[in-house]
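Down below is the structure, laid out as structure tokens.
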Amino acid sequence: MQPQIILITGASSGFGKITAQMLSEQGHIVYGTSRKPSENIGKVRMLVVDVTNSISVRQAVEQIISEQGRMDVLINNAGMGIGGALELATEEEVSMQMNTNFFGVVNMCKAVLPYMRKARRGKIINISSIGGVMGIPYQGFYSASKFAVEGYSEALALEVHPFHIKVCLVQPGDFNTGFTDNRNISELTGQNEDYADSFLRSLKIIEKEERNGCHPRKLGAAICKIVARKNPPFRTKVGPLVQVLFAKSKSWLPDNMMQYALRIFYAIR
């Protein structure tokens with residue numbers, strides 16, 4: 001396979017770092033982004049990019065086009081999570097969540113699409129989440145941001161189909177990455193007597209599942225397959241088998257049963 005010019009956001013750690021390394025090892029020319037200056041990862045060229053800043057995004061894409069002449073694959077991986085009750089989240093917390101996880105994806109796509117349209121080819125891989133299929137308690141705005149990515153990607157795939165541009169969604173379950181330790185916790189939730197106990201029980205379960213989750217190379221391997229395939233599937237679920245099967249069951253399981261199962265799993269009582 002001809003080496004691809006690939007840009008992956010959020011490549012300084014976790015999924016992004018491992019996936020960038022794996023793609024580079026396969027012979028692709030890989031650029032990674034991070035919000036802060038970061039050393040190159042092997043042959044992966046790191047760029048300082050704030051995905052919430054359209055000017056920063058556009059400058060990075062223009063630099064790659066200037067150096068390589070094209071953009072073959074964009075992987076929107078940059079993301080963050082805020083834990084807490086929906087009612088108590090501040091406007092600043094909600095904006096931070098949506099700006100990074102959703103509008104960051106929008107900014108990146110808007111920057112690369114003119115070049116992909118001109119070339120009449122390209123591939124955009126948006127990292128969503130199983131939390132983008134079902135609302136996770138005390139991760140509500142994270143789920144909302146991923147639901148937004150899902151809807152955006154569905155519409156985008158239709159709009160860019162005439163230009164032979166593929167849009168794909170990857171829905172990870174729980175993986176053992178630095179995401180757990182980097183989660184932002186809303187202080188107001190822990191201080192509220194009505195929510196505190198329920199929140200702490202659920203958070204303990206969430207963090208345990210993440211720490212016992214799959215190795216991130218499993219996700220990296222799935223992304224590498226999508227990059228390699230001419231006609232990849234629109235959606236790919238990756239993670240612990242139980243989580244993948246549960247997410248798939250939403251399409252046929254009655255809503256009240258799904259809600260009941262989630263309450264039991266996350267100790268909502």
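Just so you know, glycine gets a Cβ as well, placed from its N, Cα and C.
Among the candidates Asp50, Asp194, the one that Swiss-Prot lists alongside Gly10, Ser12, Ser13, Gly14, Lys36, Tyr142, Ser143, Ala144, Ser145, Lys146, Phe175, Asn176, Thr177 as binding NADPH is Asp50.
Geometry remark: Lys146 (active site) versus Asn176 (NADPH binding site), CA distance 19 Å.
For Ala144 (NADPH binding site), the same-chain residues lying six or more positions away in sequence with a CB closer than 8 A to its CB are Gln97, Met98, Gly135. Recorded residues Ser128 (active site, proton donor) and Asn176 (NADPH binding site) have their alpha carbons 16 Å apart, per Cα-Cα distance. Each of the recorded positions Lys36, Lys146 was ranked by the number of other C-beta atoms within 10 Å, and first place falls to Lys146. The two recorded residues, Asn176 (NADPH binding site) and Tyr142 (active site, proton acceptor), show a Cα separation of 18 Å.
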